[in-house]
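Note sheet for the following structure.
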């Protein structure tokens with residue numbers, strides 16, 4: 001049984017999902033859970049992208065033990081230097097360098113020749129090897145590359161010291177039988193293939209990322225790059241949970257180190273921190289994945305779950321909670337439930353989360369897992385409060401012009417503003433904008449119920465942009481949806497100020 005290495009790129013390619021902007025603490029929390037999940041490699045980020053990205057990767061490299069910690073770098077010395085500076089304190093560092101190899105990318109994007117690309121790839125791998133014994137090389141857009149050139153460049157980078165060669169379907173163009181055949185032919189034609197592992201990285205533009213990954217695996221790929229919940233650019237990447245459970249359920253002859261009972265926790269954590277909801281009918285981790293509405297199906301499942309369920313929910317860690325949390329629940333019960341849901345908070349954050357839980361319990365008769373996840377995901381999002389909401393009053397109704405009065409503190413100084421608007425939320429946002437003189441544009445606002453019932457928590461999401469087009473996302477929850485909307489707006493503004501300043 002051959003070992004299959006799981007390379008998780010949730011924190012790099014997954015974070016490139018439109019609207020996702022994880023901070024340093026959120027990235028670390030996800031990385032710690034990925035280590036519990038027992039992935040083999042965590043691609044922590046792209047250090048050259050920004051100072052914040054560099055610090056987040058460095059933080060993970062220093063604090064997360066177990067998996068190999070990889071950092072992405074273009075095939076240029078400046079990127080490779082920065083990648084190494086970020087991951088050099090990891091127990092097991094890897095530099096992952098890449099360059100495009102398809103003619104359309106070489107000619108239209110890089111403005112180079114094949115020979116120049118080959119030379120740059122070899123130079124990059126040799127340069128990375130000066131720092132790190134473990135170097136991965138990716139041929140961007142490999143699927144649309146000339147096969148003979150692909151063989152030539154892979155042979156050259158292996159000769160230069162690459163320990164892993166990665167074959168990406170960058171635009172999600174391949175069909176499963178084509179992609180499997182490509183991997184088989186590469187393994188047969190690369191003369192020094194015994195000196196490196198073959199990896200694949202599939203995108204989901206045609207909905208085939210998981211199928212293509214599995215086809216590659218059965219044709220000899222030894223590493224698969226994937227993300228939790230299939231996050232990623234455009235239509236996303238191959239979903240880690242789908243690949244792993246397909247191998248487990250169908251008993252394919254590959255050894256996978258993933259602790260499947262951590263899958264559900266990891267999925268929920270990533271969804272809560274990124275703000276990207278899991279579609280209800282998502283395979284493995286969707287809310288409806290183990291739901292049965294048909295009477296015939298329900299009868300069968302009651303008699304024997306295996307009639308319609310090929311996976312035992314407990315296998316992926318879906319908790320069977322017998323504990324109902326409410327206002328009489330203690331901290332130990334609360335902490336135990338957090339751990340079952342995949343959260344491990346330091347004492348100070350646990351105290352604050354428990355305090356907020358008690359406040360919510362006074363307003364709601366029964367606290368659900370979704371309530372807890374909403375509370376804690378907000379707790380993890382540690383952003384300095386340059387602006388803090390001190391007072392909020394809204395007057396609205398039929399025949400009344402919606403009016404918001406707010407008091408915001410900035411460096412100890414209180415700012416009071418009053419504004420009218422086209423509805424209570426609009427009035428609140430106009431009042432905040434008037435008080436907080438930070439250039440920005442409101443790109444998106446949404447409000448949803450976290451749970452059912454009239455006492456449900458409402459979650460507000462606000463997306464802002466600065467003058468350079470950078471996106472900042474704020475989220476907040478409250479049983480008062482107007483309060484949640486105001487807090488979400490301020491959190492997005494605080495994130496903007498933290499990263500860009502006030503100008």
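Any Cβ shown, glycine's included, is placed from N, Cα and C.
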Q. Given that Swiss-Prot lists 201, 203, 237 as binding Mn(2+), which residue among 13, 40, 426 does it place in the same site?
A. 13
Q: Averaged across the region 'Regulatory domain' (388-503), what pLDDT does the model get? Just tell me the whole number, please.
A: 86
Q | Collapsed DSSP category at residue 13 (Mn(2+) binding site) | A | coil
Q: Go through 201, 203, our binding-site residues, and report the one whose Cβ sees the most other Cβ atoms within 10 Å.
A: 201
Q: Identify all same-chain residues not among 13, 201, 203, 237 whose C-beta atom falls within 8 angstroms of the centroid of the Mn(2+) site's C-beta atoms; report them in sequence order.
A: 9, 168, 170, 202, 204, 209, 225, 226, 227, 232, 233, 236, 238
Q. Of the residues in the region 'Regulatory domain' (388-503), how many are helix, strand and coil by DSSP?
A. 32 helix, 54 strand, 30 coil
Q: Let me know the DSSP-derived helix, strand or coil state of residue 237 (Mn(2+) binding site), please.
A: strand
